[in-house]
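Colleague: This is the feature table in Swiss-Prot:
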- 1-42: region 'Disordered' (REGION)
- Lys5: N6,N6,N6-trimethyllysine (MOD_RES)
- Lys10: N6-acetyllysine (MOD_RES)
- Lys15: N6-acetyllysine (MOD_RES)
- 19-31: compositional bias 'Low complexity' (COMPBIAS)
- Lys24: N6-acetyllysine (MOD_RES)
- Lys28: N6-methyllysine (MOD_RES)
- Lys28: N6,N6-dimethyllysine (MOD_RES)
- Lys37: N6-methyllysine (MOD_RES)
- Lys37: N6-acetyllysine (MOD_RES)
- Lys37: N6,N6,N6-trimethyllysine (MOD_RES)
- Lys65: N6-acetyllysine (MOD_RES)
- Lys80: N6,N6-dimethyllysine (MOD_RES)
- Lys80: N6,N6,N6-trimethyllysine (MOD_RES)
Amino acid sequence: MARTKQTARKSTGGKAPRKQIAAKAARKAAPSTGGVKKPHRYKPGTVALREIRRYQKSTELLIRKLPFQRLVREIAQDFKSDLRFQSSAIGALQESVEAYLVSLFEDTNLCAIHAKRVTIQSKDIQLARRLRGERS
């Protein structure tokens, strides 16, 4: 096969070859940050999923006892003053309130998912209560 002569062609604006040696030297010459490491951050949603699993496993009450007791006494004042409560009565109220709220939030989440959302909104709570027959 006969050799052909190579002719010079006009450049079409391609990438210029990088100067790797100059870049390495510039990195070494630049002052370092002093070894300060950034704090570790989880991806968005990872911690939320971990909390969901943790609270679904647990059985302890999630509302603090004393603030709940104050709220019960404040609401009871509207009906009759000087009411007294056994501690077991307030405990039973708190158990039932938390069970109700958990089931309401489960239904609310289903309403949000039905609307093709992952964030619950007040209209989801209203719809869940309406479907349960709690609010007309």
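Just so it is clear, glycine is given a Cβ too, placed from its N, Cα and C backbone atoms.
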Colleague: Could you check which of the modified residues Lys5, Lys37, Lys80 is the closest Cα neighbour of Lys65 (N6-acetyllysine)?
Modeller: Lys80
Colleague: Could you tell me the C-alpha distance between Lys37 (N6-methyllysine) and Lys5 (N6,N6,N6-trimethyllysine) in angstrom, no decimals?
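Modeller: Checking the Cα atoms of Lys37 (N6-methyllysine) and Lys5 (N6,N6,N6-trimethyllysine) gives a distance of 58 Å.
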Colleague: Across all chains shown, how many C-beta atoms besides its own are within 10 angstroms of the C-beta of Lys65 (N6-acetyllysine)?
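Modeller: Excluding its own Cβ, Lys65 (N6-acetyllysine) sees 12 Cβ atoms within 10 Å.
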Colleague: Write out the long-range same-chain contacts of Lys80 (N6,N6-dimethyllysine), meaning residues 6 or more apart in sequence whose Cβ is under 8 Å from its Cβ.
Modeller: none
